[in-house]
Amino acid sequence: MATRRELANAIRFLSMDAVQKAKSGHPGAPMGMADIAEVLWRDFLKHNPSNPHWADRDRFILSNGHGSMLIYSLLHLSGYDLSIEDLKQFRQLHSKTPGHPEYGYAPGVETTTGPLGQGITNAVGFAIAEKTLAHQFNRPGHEIVDHHTYVFLGDGCLMEGISHEACSLAGTLGLGKLIAFYDDNNISIDGHVDGWFTDDTQKRFEAYGWHVIPAVDGHNPEQILEAVKQAQAETTKPTLIICKTIIGYGSPNKANSHDCHGAPLGDDEIAAAREFLKWEHAPFEIPAEIYAQWDAKEKGQVAEKAWEEKLAAYAKAYPELAAEFTRRVNAELPANWAAESQAFIEHLQANPANIASRKASQNAIEAYAKLLPEFLGGSADLASSNLTLWSGSKPIRAVENADGNYINYGVREFGMSAIMNGIALHGGFIPYGATFLMFMEYAHNAVRMAALMKQRSLFVYTHDSIGLGEDGPTHQPVEQTSALRLIPNLETWRPCDQVESAVAWKAAVERKEGPSALIFTRQNLAQMDRTAEQLANVARGGYVLRHCCENQNCPDLILIATGSEVELAMKAADVLDAEGVKVRVVSMPSTNVFDKQDAAYRESVLPSHITKRVAIEAGIADFWYKYVGFEGRVVGMNSFGESAPADQLFKLFGFTVENIVEKAKAIL
């Protein structure tokens with residue numbers, strides 16, 4: 001029987017060999033954390049390689065994602081559908097083993113990591129989801145949700161500011177099933193960290209309210225085993241296990257040096273490591289005995305079967321709860337969702353209200369949350385401004401309301417957004433979280449990661465323009481809406497009234513293949529009249545709100561607007577119409593959605609032969625030239641805002657009927 005060290009060495013040599021074959025990669029972390037991984041995966045991790053999506057599996061997150069060959073080796077050795085050929089294709093085009101772990105490629109990879117600090121933050125989201133789901137569904141004698149979240153992280157993750165945001169909140173919420181392993185090797189890309197990272201990490205995490213197990217020898221299986229047992233025994237606090245490790249362990253000449261962090265070791269050094277660790281096998285060769293000891297398929301199938309029996313007993317005792325649990329973990333919307341949400345939208349159209357779109361957003365949350373117990377809302381300490389609370393909101397605390405549906409994220413925009421991604425990845429919830437649009441800048445990379453991972457995270461942004469007013473340019477978004485529109489696979493909405501706001505929320509809820517950004521105003525907006533056809537076309541991202549005639553060829557001019565500027569466009573159209581100009585007004589709440597429509601529909605809204613166009617939006621002007629062309633004009637922002645009442649700012653920056661009419665006449 002192979003020893004623990006030999007089992008860990010299988011990880012080390014698969015990692016060395018794959019990085020060497022790829023001619024790039026990071027061998028140091030997998031070699032340094034191999035002993036920790038061997039103990040965790042073989043002695044504790046509850047998982048089934050034959051079903052990577054088992055609802056009650058433990059979650060494992062590699063926050064230091066550059067060490068991706070660690071998780072690929074673990075998945076391969078444990079019996080997941082990841083072959084030795086897949087490992088040989090490490091970092092190659094269209095392989096299942098990209099340079100950093102990517103969700104949706106190798107089965108068993110729970111989240112995309114690489115941007116340091118986001119993995120530990122996703123893990124906090126996973127742990128929140130587990131705890132909340134357990135309190136919502138578990139009943140005495142029926143614990144159908146009962147799993148841990150394990151995360152590996154390194155010095156880089158702890159240096160990133162987002163780790164403070166996430167770990168602070170994790171301690172406050174008492175996430176007892178979150179267990180983190182800190183790869184304390186004192187090395188980063190630039191060398192030994194003594195020159196730039198001398199924090200007392202133990203005291204830092206104790207101050208957060210974590211249970212900390214310090215000074216564990218990361219190459220001593222017995223110490224690691226005991227540390228995990230202690231961590232599991234502490235159920236009221238998250239645990240940080242500080243593992244002293246040697247980066248590149250087993251490399252005679254490069255271990256404990258940044259030389260092995262982010263580059264292949266080289267053939268000579270790998271040969272020396274083989275001799276040093278007494279590994280007599282060829283590259284990518286693993287003895288059958290080691291494969292047999294690593295194989296977790298049978299153990300995993302037994303564990304899942306036992307859980308299925310628990311679920312069957314639960315279904316017998318609580319049939320309605322069991323059906324609801326199954327619906328939610330399968331990410332299915334309620335049977336009455338489509339009809340009820342559409343009825344709400346039609347009710348709004350029939351009952352006009354000139355309200356701020358942030359208030360319209362709150363009304364949509366109120367209506368939809370009653371249909372969607374899977375909603376898990378929140379705000380970055382701006383609930384009274386973002387208007388994210390509804391009558392049934394139940395804020396989650398460490399002990400009270402552990403079965404709640406709302407998270408007070410505090411002033412943690414980046415942390416909130418990456419936590420939401422973890423919640424979405426875990427399953428059972430649709431997370432939404434809000435802040436001012438200006439502060440999406442703090443969270444931009446987490447929004448991008450949601451889009452990359454195709455997760456249904458709903459990012460809510462209010463106070464969307466110079467309409468914010470007196471708080472001034474530090475708080476007034478200019479380029480942010482366009483920046484969001486440019487993120488691939490993110491659908492961004494900027495609705496013009498309560499109806500478009502409700503449609504935007506509905507579209508975001510129904511979109512399973514990616515996130516949405518919902519952008520709302522501080523100021524009141526006039527509701528637009530619509531026919532049934534126009535109402536149906538709102539969901540297409542752009543539609544003709546004002547016709548000048550039935551003939552497609554008739555417009556002299558097209559005005560395109562979003563959000564608070566749609567009313568301006570309609571008023572300008574009336575002025576021009578009175579002067580004999582035939583004007584079409586297009587409301588385009590989501591350029592991303594509109595661009596996905598078929599060519600015939602897009603042509604029906606924006607006929608290519610009508611080149612006289614003006615776009616109006618209180619955001620950066622440059623974005624709109626793709627719609628107005630060289631002959632068109634844009635009424636937009638080309639500078640930062642100012643501190644003044646909103647009406648003065650709109651006049652100052654040209655968002656007036658008079659200026660729109662003047663711009664239009666200049667091209668007619």
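Note: Cβ is positioned from N, Cα and C throughout, glycine not excepted.
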- Query: If Swiss-Prot says N185, I187 bind Mg(2+), which of D155, D200, D217 does it name for the same site?
  - Reply: D155
- Among H258, H261, H609, Swiss-Prot assigns to the substrate site of H26, R358, S385, H463, D471, R522 just H261
- Note: in the chain of G156 (thiamine diphosphate binding site), residues six or more apart in sequence with C-beta under 8 angstroms of its C-beta are N64, L116, G117, S188
- Item | For H261 (substrate binding site): intrachain residues, at least 6 apart, with Cβ closer than 8 Å | H26, G28, A29, I187, S188, I189, I247, G248
- For the recorded positions D155, E413, D471, which one has its C-beta crowded by the most other C-beta atoms within 10 angstroms? E413
- Query: Roughly how many angstrom lie between the C-alpha atoms of H66 (thiamine diphosphate binding site) and D471 (substrate binding site)?
  - Reply: 41
- Query: Here are the binding-site residues: L116, I187. Which has the lowest count of other Cβ atoms within 10 Å?
  - Reply: L116
- Task: Between the Cα atoms of D155 (Mg(2+) binding site) and N185 (thiamine diphosphate binding site), find the distance and write it as a whole number of Å.
- Result: 8
